[in-house]
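Student: Got a structure for you, questions after.
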Amino acid sequence: MEIISQNKVHGGWLKRYQHHSDVLNCDMTFTLFLPPQAEEQAVPVLYWLSGLECTDENFMQKAGAQRLAAELGMAIVCPDTSPRGTNLPGEHDSWDLGSSAGFYVDATEQPWESHYKMYSYVTKELPELITESFPVTDRKAISGHSMGGHGALICALKNPKAYSSVSAFAPISHPSDCPWGQKAFSHYLGNNKDNWAQFDACDLVAKSSSPIPILVDQGSADKFLSEQLKPEALTKACKDNDFALTLRMQPGYDHSYFFITSFIEDHLRYHGKALGLL
Ligand SMILES: N[C@@H](CCC(=O)N[C@@H](CSC=O)C(=O)NCC(=O)O)C(=O)O
């Protein structure tokens, strides 16, 4: 693992690393915020999964999360959003498939199958690397935005004991039933809808026997709301299956990081409480 950059911020350190991923079969970058408390003791970690067209840097540069994370004593890890440098056929042709659009699934189809295993990367390989390399505890929370909101939901729903808490901003709630999700799932997972259901938050809620609370913020002026995000599908799935969903419709907010920075502190406090920091 090699350090690419480091910046002191709010008494902590923002560090960017490159490492080889055996799971993704390529070199990857991630960005890590270590709060000042990490100089004295191990701290819990919030994993943040970003959306389409993002890298590991968008959240750390735009969300303004470091001030409160430093106060709470919470590390934040941002993985990249897809494998990199693999140059598969069609990988760079559109912004919603391939590069920056890994969708946090484990691909089974060619040509993606040999690299596009973002689910295993963010739930297993990267947390193991973080835990063995930095002063962090094994307590984890997870959140994300849009494609990353979908990612956060499925990671927590598939591993309810691994994460203390889960939240999302404008998640793709039901990818099997929206154009972004259908495009990604058909390429990465093939045409068998049973395989799609393994990575769809609404289907996972319907099948889960361990209900976990979910916090979602959604802007009412989000241009992707009705066609791609469909919070009403998540609301129905949670209602039908006794999941405690807190869905906060935020009037006038769009899909951008201006929306995320407006409410990130609520999410950090929510995770801080679950992680025992408040
Ligand atoms: N090119 C798109 C807009 C892309 C976009 O809004 N990306 C979002 C995530 S969308 C779902 O996963 C994002 O986080 N962008 C990075 C940023 O820093 O804002 C279009 O045509 O509208």
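For all residues, glycine too, the Cβ spot is worked out from N, Cα and C.
Since the structure is predicted, the reported quantities are computational estimates derived from the model, not experimental observations.
In case it's useful when we look at the structure, here is the feature table from TrEMBL:
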| type | residues | note |
| --- | --- | --- |
| ACT_SITE | SER146 | active site, charge relay system |
| ACT_SITE | ASP222 | active site, charge relay system |
| ACT_SITE | HIS255 | active site, charge relay system |
Student: Give me the non-local Cβ neighbours of HIS255 (active site, charge relay system): same chain, 6+ apart in sequence, Cβ-Cβ under 8 Å, ordered along the sequence.
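Tutor: Non-local contacts for HIS255 (active site, charge relay system): SER146, ALA170, GLY219, ASP222, LYS223, PHE224.
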Student: Neighbour count, 10 Å Cβ-Cβ cut-off, for SER146 (active site, charge relay system): what number do you get?
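Tutor: Other Cβ atoms found within 10 Å: 25.
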Student: Just counting, how many other CB atoms are there within 10 A of the CB of ASP222 (active site, charge relay system)?
Tutor: 21
Student: Reduce the DSSP letter at ASP222 (active site, charge relay system) to three states and note it down.
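Tutor: DSSP call for ASP222 (active site, charge relay system): coil, neither helix nor strand.
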